[in-house]
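Chemist: Take a look at this one; I'll ask things after.
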Amino acid sequence: MAWNQKLVVEVVDARNLLPKDGQGTSSPYVVIDFYGQRKRTQTAPRDLNPTWNETLDFNVGKPSNVFDDMLELDVYHDRTYGPTRRSNFLGRIRLSCTQFVRKGEEALIYYTLEKKQLFSWVQGEIGLRIYYQDDVAADPAAEPAKEEDKKEEESPPTPAEQKPPGSEEKPGEEPPPDPPAPDNAPAPIKTEDPDNSAADPPPPPPEEAETEEEDIVMEPPTPNWASEVTGSVPQVKVAAAGTINGPHPIARPLSPTSTLEPQESISIERSSFDLVEKMHYVFVRVVKARYLPTNGNPIVGIAVSASRIESKPARKTAFFEWDQTFAFGRDAPDSSSILEISVWDSPPAAAARGKFLGGICFDVTEIPLRDPPDSPLAPQWYRLEGGGAHSGDLMLATWVGTQADESFPDAWKTDTAGNTNSRAKVYLSPKLWYLRATVLEAQDVLHSTAPLKEASLYLRAQLGFQVHKTKSVLTRNGTPSWNEDLLFVAAEPFADHLVFTLEARQQHKGPSPIAVLRIPLTAIERRVDDRQVATRWFNFEDPNSEKARYKGRVQLRLCFDGGYHVMDEAAHVCSDYRPTARQLWKPPIGTVELGIIGCRNLLPMKAIDGKGCTDAYCVAKYGPKWIRTRTVSDSLDPRWNEQYTWRVFDPSTVLTMGIFDSSGASESEGEKSATRPDLRMGKVRIRISSLETGKVYRNSYPLIVLTNNGVKKMGEIEVAVRFIRSAPTLDFLHVYTQPLLPLMHHVKPLGVVQQEVLRSTAVKIIAVHLSRSEPPMRREVVLHMLDADTHAFSMRKVRANWVRIINVIAGVIDIVRWIDDTRVWKNPTATVLVHALLVLLVWFPDLIVPTLAFYVFAIGAWNYRFLRSSKAALPHFDPKLSLAEAVDREELDEEFDGMPSGRSPETVRARYDKLRAVGARVQTVLGDLAAQGERVQALVTWRDPRATGIFVGLCFVVAMILYLVPTKMVAMASGFYCFRHPIFRDRMPSPALNFFRRLPSLSDRLM
């Protein structure tokens, strides 16, 4: 029985097709090509809005360059219907395989039909559901039992039944007492024969992660068995390279044959590490041992330089198995040239190591160097020495590699002190959907509640911790009507229920539940556009009875809106704008590579045994992909040198990085460290649109944190970033003309307050999901990365935003000042040139727009030279712009105060009075703006009859003059009058301004 993957295409219907049968209609049918397979639907005779509801399935093959992994759909008119002699073309669509989803995630999507040629006449759209489905291949029909038995007797043995070569027992070889190990371990050999070690087949290569975003494997927690080796280690001889049992350098074997499919093999794309520095490590992989004179669970001790660690106790199967990998740093100046590996007997009840069972020594200078994409080194058997008359064999592999090695992420490392929660990991945010529940009406809800002859009813909907209520409706006949939309955030996989509770509210009493309804999320339809979803009736049940008793029914319209992007970040620093539905995703335009090199001069964040230390790690987020570097223990200058890659779908997005101090990396604090949050040490944001294609930006950024005491510099972080464009130039530039958010945000927009509430809900869901990973991503880390705790009121931010507004309009103010200086002849040469330009533009008005466009071009070209000549770092947090350098302590205390306030009543009263003073100034400014607008309205509303009469009469005179005098002459005269010399000016305000200021406003009518 085999599993075959198929692509299922449900052809539902089409709308607004063109008539092409010569009689005002068409008889369409659909032809689909996929991977060389062609299938068609039935013909819908004489129907411009046909409905097929047919399902076509196709076998899915491996990625191919021949068929281009595209699904082609063509709609034709059937020539057998009508007077036409050929099957006229009605439209086509071409879809990439990357847009298809698995069964259960499909949705009905209407695609606009496209032209086949430039002059084709096509219109309409077609509705499809497309998804992948796994089918079980049926076994062929079995033959009669007798013939089958006969064939089995005559047929030769199958390869599975044949014994592999070398599996028979040799007369001169001692068979092992236990059966072969399940991990394809080689048969035990005599240690006196050095040639047999080369005949051992290499172990299967380690499982390699999938590419792109599917390379995340949330592994279960592994206990940290590594600890420091204590006590004296017996002397172990270092054998010469030519001896039989000597630990001579391991020769690199030929590349073993991999059984993985091509798409499953790793491409070392993420492991290129060309943006960071190489860090060399001595890798030791301890696999298993045999013939050890013990019945316990032995451990392996490894010592190199100043690092001494122990493995976890062995699992006893056919062998003593560990299968652990250790990485020891080689960049330290005190690195030793001797690698010592020893095996100790460790009974379960023993508190320390027991009997010494043997050991091996290696010369580190003779250990081979391995760089990916070299194949993994095959472990070999080594005879243990120094353990007495009965020594065993230890299978291990040792090599020198870098952080690009595939064994590095899960290996025990010297700079992380072996903490399992300190490993580097990649996380994925859960796929979030907006769940729209439209509550229409209910029926028969008061038929069994006689006392409630007139009640105020409302519906309470709950999904997890999200609770929404409809408005209260007064009803007498038991048929309340609401017609309200309730919006929730749901995360895949859908395991919860949407619970509706009908509650009644009476006077002098609290709400009382009347009926309840539970709907599983898996039964709710998905949509990707604004099409209307069919309504359904659901029966209420009695909440106080275990039996299902009818308590009325409610009409609901439920659907998952996949056309929205569920916001989890602030709009101005968002890293992804794609809709939830994968069918609406567009191809990526490139990739961004981030190299996290390290930090310098970090401040101590905690004290352990009277010594300040920092256990720093870095978290980066872009789109749904999160990365966390390993935690470097007890270092103020940590070096990570890790590199990661993200796919970019929109250049106007932001990559966010944050540095944190781990509370769980130091084990000496015990259980108290688990309750202490991971402290933030700074954040860096990089906007993708500010990166040039193919250029490497390697810069150091200051880590700045705003605390209650002001701005505090925590250190510096050095990163390297590069953006690589993969889309054609025109497609890349076309992205700038597209809207940021998906279409549904414009067709059916969400309110600002509602969007913020949904974003807060999405952040909580993501925090809970990532906290259940291993190692967990702490809640405070997620909230800080998503800026979920930075929306409190701050007087500092109010002033900073006001300064930003002033900087924006500073250009307009400069232009006004320049015009005023030109009017008063401050620079006579410039004024004369302006007069000449005025004459030119008045007599040749066609030059006005080109002149303005050329002026803007000149400004941009002038500023471009500063960009090319500047070698400064990318834009970063600016304390000066944030007004954080000279901020008042009281304002900072107010900014960091929670909701509700925890300060004393006197402090709260003083802050309130200060806020009232600021509000009074804002109130005055708003009143002045309103008064100016009311004076403009008063020009024609006859509030002041004399003023309105003067203005209307003046407008009539101006109209007559403009009818009689050419416009160019009027413009010329007006320009020369405006720029007249100061000797012809009066120091008093102009009559027009005096007239405007005398107009009445409504300020005198305010109470």
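Placement of Cβ uses the backbone N, Cα and C atoms for every residue, glycine included.
In TrEMBL, annotation is done automatically, which means it is predicted and not curated.
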Chemist: Among 244-263, 404-423, 464-483, indicate the range for which TrEMBL gives the feature region 'Disordered'.
Modeler: 244-263
Chemist: Other than its close neighbours in sequence, what residues sit by the transmembrane segment (832-858), given a CB gap under 8 Å and a spacing of at least six beyond its ends?
Modeler: 822, 968, 971-972, 975-976, 979
Chemist: Going by DSSP assignments with H, G and I as helix and E and B as strand, what are the residue counts for the domain 'C2' (416-538)?
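Modeler: When I sort the residues of the domain 'C2' (416-538) into the three classes, I find 6 helix, 66 strand, 51 coil.
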Chemist: Work out, from DSSP, the number of helix, strand and coil residues along the domain 'C2' (573-701).
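Modeler: Tallied per class, the domain 'C2' (573-701) gives 14 helix, 63 strand, 52 coil.
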